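Enquirer: My questions will all concern the structure given below.
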Amino acid sequence: MDSHPLESWERPPDDDLGDRDEARPRKRRRKYIAKACNECKRRKIKCNGQSPCQRCGRQRIDCVYESPPRTETSGENHETLDRLLTQMAAMQEQITSLTTAVHALTQNTLVSTATALPRSDVASQRPFRRHSSIKEKESVFQGPTTSAYSLDLAKSSLQRRGIVEEHPDVADAEDGDVDGDEADTAPSQVIPMAVAASPPRTRHHPSGDPLWTIGKSEALRLCRVYEEEMGVMYPVLDLSQLLHQVELLYGTESWPRVPVVQGNEEQLDSTAVHILRLVFACALTAEAAGSSALALSLFESVREVADNFVWGVAGIKNIIFLTLVAIFYFQIDEETLAWRTIGIVERMCLERGLHRRETLSQPSIAKAGKDRVLRLFWLIYILDIRWSFGTGMPFSLEDSDIDPWLPEPEEKTPYLRVMIRYSRIAAKVWKFISAFNNTNEIKKEEMNYLDWQVQRWTADIPPVLSINSDNVHEEPRSLRRLRSLLYLRANQLRMLIHRPVLHSAAHIAKYPAESQTVVELAKESIRFITNLNETTDIYRLQQVTFNWFLVSAVAVVFLAVTQAPTHFSTICKEEFYMALELIKGFSTRSYISQRLWKSIRSLRKLGPQLMHRPVQSQPEPEWRGGAAVPAERGDLGNVVEVAPSQSTGTQEQSPLDGAQMTRELMEWFEAVGNLETQIMGMAPEGFDAGWQRYDYGEELSSVMKDCF
């Protein structure tokens, strides 16, 4: 039998080591291992798991395991590790691709839904414009600051003089809606605006996205147009930041997919891109006088986003986005929707506590920028009051709710600071007008005090924003627009303060100075806008903004002429013709023009009744200085004869041109002036008695309500 070398377990114990082991504490028992050989399992003893194990090696018996023992093969381990790393890298690439695809689907869901729907489905979407049915006309509220309110007062005055309206519903039904829809449309029916078809794209981007019909150079230009037309008035966004975002947007071919951020690469978030869409839409509407198919398509692509922001968290970016939505509504001549939207935005500001000074120290406000947040809040405050006066409906935030220690914007926004003080005075004027409507009592002292406050505000306007006739033609265009707006706002506020004296002929007789003041202010506004239109393109590009002042001034003149025609009709004639010249330049496709044409269609029906009444007084000399008027007036029908086809053609939905509208309004004005001559000639005992002898028909009061 071969001799085997003694293993470690066969060596006899060393005496010295044994003595030392006795002196040492016994070691802890080793744990049982999960894997044991068959012999150790049978004897239920410990097994060290080696091959052979300690006992089987000492007993020199076969050491058998149920499965092969563990072997240390480094080569196989390396191969397995490399294979796992390769699989993990492949999985990471798949996850990256899937993440990019999910972001792309999220960003394009709204656009693809708006463009892929058939026309029948698009018709079910929400409208851009509200439809005005007969039933809605009966319930729409006309506030005391609107021009329609002045015209309603004129209508009431004429009704008291015998001009009654027996069938108002019939007259309204014949007029129809601005857009030419049937009058029997249900109140809830709306007019859908289909998304304009996108022109061919040269880059591979999602089908139907109107954003990519705009090239990079055009996008940069539209940002500058926005800053020129709206940014200087509404300092919500910074031009340099907008231009930088456009560079980022058009610098990647992966848009509108949101790429995975790699390293420190700067990326745009979806809200920033939505804001850019609205900036482009606002600029396009400004250039197109409120009507742009591409602008409507851009706005349609963010409609659902706006809804989500209304019901979502009141974040600063969300507030900025919805403020731009309100501005866009105003640009397309939907002032009621603008007023409604800005009211929601103002409540979101209250949720965030932007009206309190202590909120400015919050980290989220500091991150957005304290000065930027202050500009945003005060702008929303100004727009709310501005559109409240335009719609005649109350504003959302009282001055008493704002922290008196809340800072105003920095000095580099002087227009905004001036408008804050203007809005505070306007809020007092609103309360004054509302109190008068409730009591019908003129408080002359309060009226004069408010008028003094407005004049003091005008005097305190910084020189850079005040009207200076010396260098009016040399000043920058944007600066001239701001100066013009401030001048017209001062006139507008003073007209509202003094307008209660025009509510009745008795008030005019009692307050002749105040009556003359309000009429002169209206005439000045008309002359100023006429000069602005003749010397610049500011009025043409911002008709929605400036027409509010124009219409308000014309309404004041109309109310004065209605209450006291003997005193005001002749002296207001020149300014009336100036307004007609502005109307002549209207685009026949604009929404403003369509509303005006609706009134002219009503005047056509009225024309034959006014122009064929017998004259019982001696003819007077023709008016000089105005438009050409025939000198002989044996019959009013010879003065401004209207062809039967014109006078009865009320179903025409659009004028041939602006000159046609001007001509028919001029004929109407001459006819009304001739009515005054008849009345004065027939009634030597007094104006009112002579006027009430004649009933000029139900149409006149209806026309006066909706004339402008």
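Glycine too: its Cβ is placed from the backbone N, Cα and C atoms.
These numbers come from a predicted model, not from an experiment.
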Enquirer: State the residue range annotated as region 'Disordered' by TrEMBL; the candidates are 54-75, 120-141, 648-669.
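Expert: In TrEMBL, residues 120-141 carry the label region 'Disordered'.
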Enquirer: Identify the coiled coil range according to TrEMBL, selecting from 81-108, 221-248, 417-444, 501-528.
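Expert: Range annotated as coiled coil by TrEMBL: 81-108.
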Enquirer: Any idea what the model's mean pLDDT is for the coiled coil (81-108)?
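Expert: Here the mean pLDDT over the coiled coil (81-108) amounts to 79.
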